[in-house]
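Chemist: Before we start, here is the structure in question, set down as structure tokens.
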Amino acid sequence: MQVTKRRKMGGEVVEEENADLNTSFIRRGDASEVDLLERTGTTWTAVAHVLTGVAGIGVLSLAWSVAQLGWILGPLCTIIFAAVTLFSSFLLAECYRHPDPEHGPIRNKSFMEATKLYLGDKHHAVFGFLVQFTIFGMAVVFTSTAGSSLRAIQQSNCYHKYGHDAPCQYGDNLYMMLFGFIQIFLSQIPNFHSTRWISVTSLVMSLCFSFIGIGLGLAKVIENGTVKGSIKGVSRSDSARKIFVIFTALADIAFAYPLAIILFEIEDTLKSPPPVNKTMKAALTVALSITALFYLSYGCIGYAAFGDSTPENLLTGFGFYEPYWLVDFANACVVIYLMGAYQIYGQAGFSMLERGFRERFPDSRLLDKSYSLKFPLLPTTQMNLFQACFRALYVVIATVIAITFPYFTSVIGVLGAIIFWPFSAYAPVQMYLVQRQVRTWSRKWILLTAFSVVGFVITVIGIVGSLEELVRAKIN
């Protein structure tokens, strides 16, 4: 049995870990409180978790991305980004246990724990900011996408009733405000993210709207009787404009593989033996292979159906009018998915920020005082006034930004580009170098550093292209 002792204010904390039973016993203070954590995860449960974490609204822009890159670069880049994600995830999987990747006594149960252990306090602070930026950016993207999906439902019904040439043009702002209003209330429910049914529902909804998009695209290809598109992608009269659009497309594809932030949490659920790093690698290989095949199908079929006219979002760009009820159902699935995903990401961000406030102001009565409230159809809950106001303000700011910049591909391009290098290249490489004590200027060090540099270049060109698209869209 491996025993690790740590001192904290208020008593001694002793953590005992039994690798054979896959359990951790944590005693706090005078042993009056004992937590039992049992790890029972397998390869297939990890596959399900990875698919839940990766599958999302990033798939909606893939057809547009493939259209900008063309029939060669589009599918190739989709596969390359999947391979990059798989490789960087392999590096992170090796860093879950320390110092030995298979039998090390220290477990990194989250990405932030790992950054502090391997990279130090300064990196921990920087990545803490980046994690919060990512979570807030997700809230903005979710709000914008929900607004466009709700608007698309209204448009779809209008086109069905009055014809495809009817002036069925509606704005997104009201729907974004409605979505934000709902999220203000959902955000007040404590520990909302810990309920399993949210993840299950989100995965089911994601699969539903994705498969509907693939099915509608395939039906459109059959209806057209030809495969549209070209090797060079959508033609542009201005070569500089074409380059910026390609950069944005690359950033959008990068956004579709958000895995690093949640990888350690998934690996922490796995039982051993076999060693968890090997189980995690097997799960990653299966899950990302499925994801890549799925993304290729969605992106390529969408491009084959519409060619140069491929919309930014297949389900809201009205390439499909009929059957209108299926288009409505797909967009409803998107909205339901976004409601759950907003809370899955948002609650993690809320808890980190609120914990920081409590550590900074430990004696504040505002942070500690709670009130009992009863929501319809929900049990009585304890609500903290600061928490309620802070979370409401958080949602309001995200909603205002989404209304100000309602440009789907540009916004997710900026977000995808900013987070790609830190989480998919730099952190995995640096952690692995420390974990394996790789000698500077050795062959392995040079190759891994080159991998990180290439990731940095992709981030830079993605940011440049997406910001140019965002500014251009705002001005126009």
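Think of each number as a place in line: the chain as shown, counted from 1.
Glycine is treated like the rest: Cβ placed from N, Cα and C.
Feature annotation from TrEMBL assigns domain 'Amino acid transporter transmembrane' to 39-466. For 46-66, 72-93, 126-153, 173-190, 197-222, 242-264, 284-304, 324-345, 388-408, 445-467, the entry in TrEMBL reads transmembrane segment.
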Chemist: Which bits of the chain, at least 6 residues beyond where the transmembrane segment (242-264) starts or stops, bring a Cβ under 8 A of a Cβ in it?
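Modeler: Long-range Cβ neighbours of the transmembrane segment (242-264): 49-50, 53-54, 56, 58-59, 61-62, 64-66, 68-69, 73-74, 77-78, 81-82, 84-85, 88-89, 92-93, 96, 108-111, 113-114, 131, 134, 233-236, 280, 288, 291, 295, 409-410, 412-417, 419-420, 423-424, 427-428, 458, 461-466, 468-469.
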Chemist: Sequence gap of 6 or more, Cβ distance under 8 Å, 3 or more pairs: do the transmembrane segment (284-304) and the transmembrane segment (197-222) meet that?
Modeler: yes
Chemist: Out of 46-66, 72-93, 126-153, which stretch touches the transmembrane segment (197-222) the most, going by CB pairs under 8 Å?
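Modeler: The stretch I would name here is 46-66.
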Chemist: Between the stretches 46-66, 72-93, 173-190, which one has more Cβ pairs under 8 Å with the transmembrane segment (126-153) than any other?
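Modeler: It is 173-190, which has the most Cβ pairs under 8 Å.
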